[in-house]
Each structure stands twice: as C-alpha cells, then as structure tokens.
Ligand code: THU
C-alpha cells in the first residue's frame, strides 16, 4: 500500500512513543514498532527482554501479537525505530529474521516496512524485499500429490 508522508510520519511517531516502554535491562537497545491494519487501526509494541535471554520478545512481534490476539489479521504497514538508550543510531533498525517470518505469515510480501532513524529520516521498503522467497501459508497448500508430478 502506498502511504502518504503524513501517515508515515504518524506511524513513526507512534513507534517512538511505544519505544519509551521498552524493557531492556540487558542490551539497553530500545525498539518501538507501530503496525497499521488494513482498516486503519494502529497496534504498537516495544521489545521486552528477559534474564533468560532467549525469552526476549522483539518490538515488532509484540505489536503483531497484540493485534492478532485482538482479531486483526490484515496489515498494510509497520514502522520500526531502534537505538541505544538516549541515542539516535547511525543505522536504521530492520526487523530481525524471526520478526520477518512472523510478519510474513499474515502479510506476505506486500507489507510496507518503514525503518526510521527520526521522523524525517527513514527508509521505506517491503517485506518481500527483506524476505525474498519467504515461506508462508501458501507453501503448505498441497495441490498435487507427488505421484501426480
Ligand atoms: N530487537 C527488536 O526489538 N527488534 C528488532 O528488529 C531487532 C532487535 C531487540 C531485541 C533485543 O531486546 C534488543 O533489540 C537487542 O537485540
């Protein structure tokens, strides 16, 4: 979906607001995400770390799981902001591999992904660009048996 610049900035602003709640006693790397549904609602998330590091949840998946757990399954865009506490990063924060896969389940390749350093400085791409040949629900649909091939 092609977003207006005002919509992009609004999503980035929402991601920055969510980043304030990041729970990051181990990395001090704070991430916020704002996920836009196809019908215009926004679900936000932050990263939530854990003393058993692998239980950490990324901001993107926090937003996604909040949305899906409230009945949403169709998304048009996600904005992501991340940097060390109290700093603005040189690099934009892209979604990690696990989050790309989790988002792909519901959006496929068309999801717009906005990776922002500030409200004015951001990259707009798609999940298909970030996860080419992604594995999704369609891959599990079997149309032919092996003996028919
Ligand atoms: N993190 C996210 O929340 N999203 C990403 O896409 C990249 C990484 C978090 C996980 C961890 O809490 C911290 O950033 C450092 O890896």
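Residue positions begin at 1 at the first shown residue.
Cβ atoms here come from the backbone N, Cα and C positions, even for glycine.
For 60, the entry in TrEMBL reads active site, proton donor. The substrate binding site annotation in TrEMBL covers 47, 48, 49, 50, 51, 52, 53. Summarising the annotation, TrEMBL assigns Zn(2+) binding site to 58, 96, 99. The domain 'CMP/dCMP-type deaminase' annotation in TrEMBL covers 6-138.
Mean model confidence of the domain 'CMP/dCMP-type deaminase' (6-138) amounts to 97 (pLDDT, 0 to 100 scale). When the binding-site residues 48, 50, 51 are compared by Cα distance to residue 96 (Zn(2+) binding site), the shortest distance belongs to 48.
Residue 48 (substrate binding site) and residue 99 (Zn(2+) binding site) are 14 Å apart (CA-CA, integer value).
Taking a Cβ cut-off of under 6 Å from any atom of ligand 1, the binding-site residues 47, 49, 53, 58, 99 reduce to 47, 49, 58, 99. Summarised by DSSP class, the composition of the domain 'CMP/dCMP-type deaminase' (6-138) is 47 helix, 37 strand, 49 coil. Neighbour count (other Cβ atoms within 10 Å of the Cβ, all protein chains): 9 for residue 53 (substrate binding site). Each residue contributes its Cα atom, and for residue 47 (substrate binding site) and residue 60 (active site, proton donor) those atoms are 8 Å apart. Taking the centroid of the Cβ atoms of 47, 48, 49, 50, 51, 52, 53 as the substrate site, the other same-chain residues with Cβ within 8 Å of it are 23, 26, 54, 55, 56, 57. Here the recorded positions are 49, 60, and the one ringed by the most other CB atoms within 10 angstroms is 60. The Cβ of residue 48 (substrate binding site) lies under 8 Å from the Cβ of 22, 23, 56, 57, 62, each of these being in the same chain and 6 or more residues away along the sequence. In the shown protein chains, 24 other C-beta atoms lie within 10 A of the C-beta of residue 47 (substrate binding site).
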